[in-house]
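Annotated in TrEMBL:
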- 115-143: domain 'DEAD-box RNA helicase Q' (DOMAIN)
- 146-320: domain 'Helicase ATP-binding' (DOMAIN)
- 83-104: region 'Disordered' (REGION)
- 115-143: motif 'Q motif' (MOTIF)
Amino acid sequence: MSTTPLTKSAIAIDEVETLVLHHALKLLQFVGEAGHIPTRLLEDIERMTGSRPAMWSVNEKINTLKKLLAPMWKFETEDRTGIEAGTHTSGAEDGNEKEEMGQGEIQSNWDEIVGSFEDMNLNPDLLRSIQTHGFDRPTSIQQHAILPLIKNHDLICQAPSGTGKTAYVISILQNLDTTVPDCQALIIVPNHELAQQIQRFVSTLGEPLKADCHACIGGTNVREDVKRFKFESDSARPHIVVGTLGRVHDLINRRALRIEAIKCFVIDEADDMLSRAFKEQMYGLAKIVPQTAQKALFAATLSQEVSDFTEKFMRKPYQIKFRHLEKVTLDGIKQYYVPVEEDKKLNTLCELFKIVSINQVYI
């Protein structure tokens, strides 16, 4: 395939404040030869614009790429790095969330809705990290959920699986005291993959705060976890723990994971975690977590088990739920395609996994 090289100036995409160009150019460089635009694309550009790209100024190249490539990346999901994102400048990932999860779709007994991250009075370092990672404005669920969580209220949030995580991660990071070398937030999830996903997201978003998050999951050497919590230096112990129920219980029983300093206790996918298979262990854990700790439940359905747990362990929780959950879930799915040659499909898929946040995937 013959190619025409991009000028060095045209590759300086940092000058263009749009996430779409970053993703699109990375993909183009991968599909073609690094640093080049495939000839086929140049021919399409010439046909559509009536002029030759080689004759354009840098700004003309950038503006045309923005127009041609932006539609490729308009798909919607609420997760970023496996965790749901706010609405990005580019429209990627969440797209225009008010269309799929508008304020009218949400029922809540919390009245204070905050439409921007800037108005949430966040730690400046946390706010910069949120913006740096492409979150332009909060999604509907974040507009409702972040503030009550920051203000240490108990919360029940009914939303599609895979959503809501950014809300509790931001609130945990906002309330974190990194001078305290103990676990201050405990997040219980149903599986290994989700625990690792959340751990990566917390570590990424909380890096400027020096927040330390550790994932505790079965199938790994428990001695490594014990060593992590009993490290000789207090400053080396994690502030946030995310894990599966069995491993967390094991570490508490071994007196490795100390729970006295926990300020926030989150159960994600609570409808699964409070089912008959886990109920006894979940109740046991809830009984030993400090009574003063904030409790937050995120569930796709508000089952009887969730209601029973709420009545027993939560203090006047606020509730957030969607009126039409099935509709919201379907509207969150968007189709798109990337044209590549047959022998480059696998490599392109691998590249997509590096640059696109994916919560659930079917290949």
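Each Cβ is built from the backbone N, Cα and C atoms, and glycine gets one as well.
Bear in mind that TrEMBL entries carry predicted annotations, made automatically and left uncurated.
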Across the domain 'DEAD-box RNA helicase Q' (115-143), average pLDDT on the 0 to 100 scale: 91
The motif 'Q motif' (115-143), counted residue by residue under DSSP: helix, strand, coil: 17 helix, 1 strand, 11 coil
